[in-house]
Amino acid sequence: MGKESLRKRKGENNGKEDGESIQSHEPQTMNLQKQAKLFLFPLQSVGLISGICMIVGTIIGSGIFVSPKSVLANVGAVGPCLTIWAACGILATLGALCFAELGTMITKSGGEYPYLMEAFGPIPAFLFSWTSLLVTKPSSFAIICLSFAEYASAPFYPGCDPPQVVIKCLAAAAIVIITIVNSLSVKLGSYLQNFLTAAKMIIVTIIIVSGIVLLAQGKTENFEDSFKDSKISVSSIGLAFYNGLWAYDGWNQLNYITEELKNPYRNLPLSIIIGIPLVTVCYVLINISYFTVMTSTELLQSQAVAVTFGDRVLYPASWIVPLFVAFSTIGSANGTCFTAGRLVYVAGREGHMLKVLSYISVKRLTPAPAIIFYGAIAIIYIIPGDIDTLINYFSFAVWIFYGLTVLALIVMRFTRKELRRPIRIPIIIPVIVTLVSILLVLAPIISAPELAYLYCVLFILSGLIVYVLFVHFKFNWPQKISKPITMHLQMLLEVVPAEDITE
């Protein structure tokens, strides 16, 4: 459908509400819409093995190559560091089990969004989509690409830190390339993801096996008095958890494809119970491998921990580590971009954001507007931010909504008793996760208050103003502004509304 076709339809759409389709009724276009529907809701089933692979492949990314230094910096010693990594894995497993009950009780796409909508109504759901669209998703994309840039540039600056301008330019270039690839082709993005996931598992295996060999050779001196010089406080533990949990982020990804799971009542909890503990074992073993060749001081001084490990263990083949770590981080960034359309689609269907962001490209069958928007916002986050700061504020924002979503599970046990619950976990599990979420959110504010946390809360609450003006009252003047913008973006990007496809 070209620009002339879209212009021809313009006159026929003047009487329609904002966000309705500016599209042709030709059979070819309708066929393309059906194909686009298959993009949003694939018919193929995801089995147990695929579910486990999705959890492992989504979680393992940049975090394990970036967070070890930050976790250690907050707790100060090897013993507490390894304990934090194991505890983060347990918390992620408990949280995922809560999401398993929610996902089989409310079988709708969009992750946390439909659960908050069912339990608390449209306002918390809108605030979640508002925060995800403008804070958590783009900042996650930015963190991963900054991690890629650090590892990709480290070999070219031996003995010193790469200049920040180099890291940020390289990260911006990565965002642009990934955005273009995923906007142009679903298949290309999928093939790229498969290749990068395989590369990710190769480097994880290399590091773990190397560490086991070194331990077998007696390299255990860095584990003696492992709790000596530790600095434990509520604030330090909270910040250490932030960085550790960043590495585990993605534990809720199966809830975005609950409808696509084969036998979800069996495979969803099994994938969680097998997949996340498997990731936890890998993370603890990787950290043990790091400590076999580096003291705490050396690890903290390393610009890229895995690169330092490779230089000491795999020389002269040490180039393998930064190459495969770069593949791993790019894979995580590509996966983040690849799934960008789902939440945007669901929120757009509810009228909670600009309709054009939920549109699908007619020619490419990709959620091009959403992907381009995510890429643009991520580049903005790269300009002033560094990885540690972005991780802290990302974790602060995301755990507000993780805690609220698990609280929704507890609330619906009493308010929505009529809902069928194929998976019913003990009530103590969501209570524990909710309490830990509250601690994670409050601990840094109480122990080490910073204005940035206040700004983050104010930004989330500013979504209330947007909701009242543009969603609740639906003033005419925003629609008058958005209609021509939507029309011109449709003509430029050649996209159609996703909700029309699924009717």
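Just so it is clear, glycine is given a Cβ too, placed from its N, Cα and C backbone atoms.
Annotation source TrEMBL lists region 'Disordered' at 1-26. As annotated by TrEMBL, compositional bias 'Basic and acidic residues' applies to 1-19. The transmembrane segment annotation in TrEMBL covers 38-65, 77-103, 165-186, 198-216, 270-293, 319-345, 365-384, 390-411, 423-446, 452-473.
Among 77-103, 270-293, 365-384, 423-446, 452-473, 365-384 has the largest number of CB pairs under 8 A with the transmembrane segment (165-186). For the transmembrane segment (390-411), the list of distant contacts is 66-67, 70, 95, 98-99, 101-102, 112, 115-116, 118-120, 124, 128, 131-132, 135-136, 139-140, 142-143, 146, 239, 241-243, 245-246, 249, 252, 381, 427, 430-431, 433-434, 437-438, 440-441, 444, 452-453, 456, 460: same-chain residues at least six beyond its ends, Cβ to Cβ under 8 Å. Sequence-distant neighbours of the transmembrane segment (452-473) (same chain, 6+ residues past either end, Cβ-Cβ under 8 Å): 122-123, 126-127, 130-131, 134-135, 351-352, 389, 393, 396-397, 400, 444-445. Looking at which of 198-216, 270-293, 365-384 has the most CB pairs under 8 Å to the transmembrane segment (77-103), the answer is the stretch 270-293. Within its own chain, the transmembrane segment (423-446) is flanked in space by residues 91, 94-95, 97-98, 100-101, 104-105, 234-235, 237-239, 241-242, 245, 265, 268-269, 392, 395-396, 399-400, 402-403, 406-407, 409-410, 413, 453, which lie at least six positions past its ends and keep a Cβ under 8 Å from the stretch. Residues of the same chain lying 6 or more positions beyond the ends of the transmembrane segment (365-384) and with a Cβ under 8 Å from any Cβ of it are 32, 35-36, 39, 133-134, 137-139, 141-142, 145-146, 168, 171-172, 175-176, 178-179, 182-186, 189, 337, 340-341, 344-345, 356-359, 390, 489, 493, 495, 498.
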